[in-house]
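For reference, the structure is listed below as structure tokens.
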Amino acid sequence: MARVSKWKTSPCGHGTGDKVNPPPKSSRETKRMTCIPCREGLLYVRALQGEREPNFFNSALATLYEPSEESSDDDCRAPTPLDRCMCVANASAQGIVQMTVEGTLPVASTTEMDSEGFMEHESTSLLMLKEQAPSPLRVFFKDARLVFKLDELGLEILQIAFPAALALTADPIASLVDTAFIGQIGAVELAAVGVSIAVFNQVSRIAIFPLVSVTTSFVAEEDAAAKAITEEADESSFSIDNELKELIPHDDPEKQVHDSSFNSNNTARMAKSENERKHIPSVTSALVIGGVLGFVQAFFLILGAKPLLNFMGVKPNSPMLTPACQYLTLRSLGAPAVLLSLAMQGVFRGFKDTKTPLYATVAGDATNIILDPIFMFVFHLGVSGAAIAHVISQYIIALILLWQLLRKVDVLPPSFKDLQFSRFLKNGFLLLTRVIAVTFCVTLSASMAARQGPIPMAAFQICLQVWLASSLLADGLAVSGQAILASSFARKDHSKAMAAASRVLQFGVILGLGLSVILAIGLQFGSRLFTKDTDVLHLIHIGIPFVALTQPINALAFVFDGINFGASDYAYSAYSMIIVAVISILCLFLLSSSHGFIGIWVALSIYMSLRMLAGFWRIGTATEPWTFLRSLNS
């Protein structure tokens with residue numbers, strides 16, 4: 001049987017009784033400081049600590065090692081725990097132990113090992129290494145005690161999530177104000193605008209969600225990669241300047257001149273780095289795709305206004321048709337601004353800046369609220385005035401975002417090849433499939449409720465709107481998780497990726513539990529704000545437990561979406577949602593026919609639970625892109 005080579009004297013301190021030097025900072029320093037077995041052992045230990053990918057050293061450990069030229073024949077000193085880790089790496093190279101993702105497995109009895117080496121310590125190192133390979137499921141509980149502590153990671157998450165959630169809620173609030181103004185004109189106009197908004201939102205949703213999600217991840221990845229290159233160049237320049245400083249004698253008058261020059265150059269470099277506009281091809285790609293989709297959507301809605309409204313149930317002889325066509329046609333003129341502004345929101349999210357989109361959204365919505373009564377009642381434009389006010393507000397949002405974006409990014413790429421349209425379209429189509437599956441499930445549930453009659457439909461619609469509105473806060477956490485994870489994956493900072501995923505999930509649980517309590521109490525007393533009908537109120541109270549108790553499930557499901565998008569795991573997100581949709585649709589048909597209103601809510605609860613479990617499964621099994629969880633130290 002092959003024997004483990006004993007440690008030889010070398011610059012790392014083996015054989016001298018000295019302590020082992022700290023892990024080297026670079027491969028060049030590794031060679032200079034350590035003997036060959038220690039060199040590979042250090043790489044192995046660093047890999048277990050998440051500093052290196054396991055594949056980095058697998059090929060190196062496949063061969064046997066001879067003592068290095070600088071080694072001597074001095075005997076080994078008493079081994080430390082770090083030595084024993086190194087011994088396992090060396091023993092693996094000799095074929096005595098076999099390394100696996102869970103730890104190490106003995107191939108033969110370790111008692112036959114070199115008596116001058118590590119005969120009595122092998123079992124200890126094996127146990128230690130096994131303890132260093134945690135179960136991937138521990139990611140859900142990592143540092144849970146810190147969830148209420150606003151450390152650096154917690155602050156970073158909340159600084160992204162809170163403005164994002166506010167921006168997401170600003171538009172629904174503006175729509176409510178719109179509805180209030182239009183309601184003063186008449187019931188026919190209110191119903192007509194409601195149908196038109198539903199058509200516009202459904203068509204927009206097909207393009208908006210894939211565009212924003214893909215843009216956020218791609219921009220975060222490219223921005224992180226660009227920052228890493230810049231930091232590496234600055235570090236290299238800083239190192240060269242330091243070496244030049246050391247070469248000049250301390251008492252040399254020229255040293256003061258060099259120090260002054262070094263400091264001024266360093267300051268100038270930092271200022272230039274901060275003020276220089278970024279070159280990120282994904283930004284240009286997103287703007288081009290958003291603009292094209294916006295014009296296509298406007299063209300489609302203007303030409304197809306009447307057929308689409310007829311499909312939604314507005315008959316040719318209905319009094320709603322004329323105001324609905326007017327509103328939808330004018331509102332469609334704002335489609336390019338809507339798609340462009342949402343593409344730019346994705347860009348700013350990728351930069352981890354959710355405040356700029358919030359300010360732009362608030363400015364645009366405030367303009368809409370101010371212009372509504374002026375156009376509708378002062379200029380007597382009615383429904384058309386409401387549409388014009390909304391279109392103007394959308395272009396204001398787009399112009400503000402574009403102005404801020406041009407200050408940060410050079411939107412003209414070096415060449416057309418840098419735009420990577422194929423990458424955008426490939427992942428965009430995957431998310432489009434996912435959006436269709438999600439939309440179909442929710443739309444089908446509303447259709448099933450409508451078949452129960454007007455009273456169940458009214459109760460269902462109220463419960464559904466509350467159920468969906470509360471998800472906007474969880475969407476803020478999802479945006480935060482996506483931006484941080486995309487940046488971490490681009491830098492291959494797996495420790496930060498795991499910590500960020502853990503923290504946003506823990507925040508999601510807390511948010512969900514808080515919403516459960518608020519909705520359970522609030523809806524008991526606040527349901528009369530929506531209707532006075534006693535039959536509808538009775539069904540609303542039946543639906544309250546489902547709306548309230550599923551909030552933690554909903555929050556986790558939405559946060560998992562952000563985590564998957566941050567990891568660019570679009571294929572899994574799409575295919576898993578298709579499976580979830582198929583199961584949920586079957587449940588909707590079966591349960592709605594047998595249990596009516598309650599059955600629909602049971603099916604929706606199953607739907608959200610399956611979405612949440614799909615996220616748990618991906619991370620819990622540590623499959624791509626989460627395989628690093630098998631080797632990360634806890």
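Glycine is treated like the rest: Cβ placed from N, Cα and C.
Just so it is clear, the model here is predicted, and its values are computed rather than measured.
As recorded in TrEMBL, the features of this protein are as follows:
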- 1-32: region 'Disordered' (REGION)
- 249-276: region 'Disordered' (REGION)
- 249-258: compositional bias 'Basic and acidic residues' (COMPBIAS)
- 259-268: compositional bias 'Polar residues' (COMPBIAS)
- 286-309: transmembrane segment (TRANSMEM)
- 329-351: transmembrane segment (TRANSMEM)
- 358-381: transmembrane segment (TRANSMEM)
- 387-406: transmembrane segment (TRANSMEM)
- 427-446: transmembrane segment (TRANSMEM)
- 466-486: transmembrane segment (TRANSMEM)
- 507-527: transmembrane segment (TRANSMEM)
- 539-560: transmembrane segment (TRANSMEM)
- 572-592: transmembrane segment (TRANSMEM)
- 598-620: transmembrane segment (TRANSMEM)
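Simply put, out of 286-309, 358-381, 466-486, 598-620, 598-620 has the most Cβ pairs sitting under 8 Å from the transmembrane segment (427-446). Counting Cβ pairs closer than 8 Å to the transmembrane segment (329-351), the top stretch among 358-381, 387-406, 466-486 is 387-406. For the transmembrane segment (358-381), same-chain residues at least 6 beyond its ends with a Cβ under 8 Å from one of its own Cβ atoms are 163-164, 166-167, 170-171, 173-174, 177-178, 181-182, 185, 341, 388-390, 392-394, 396-397, 400-401, 404.
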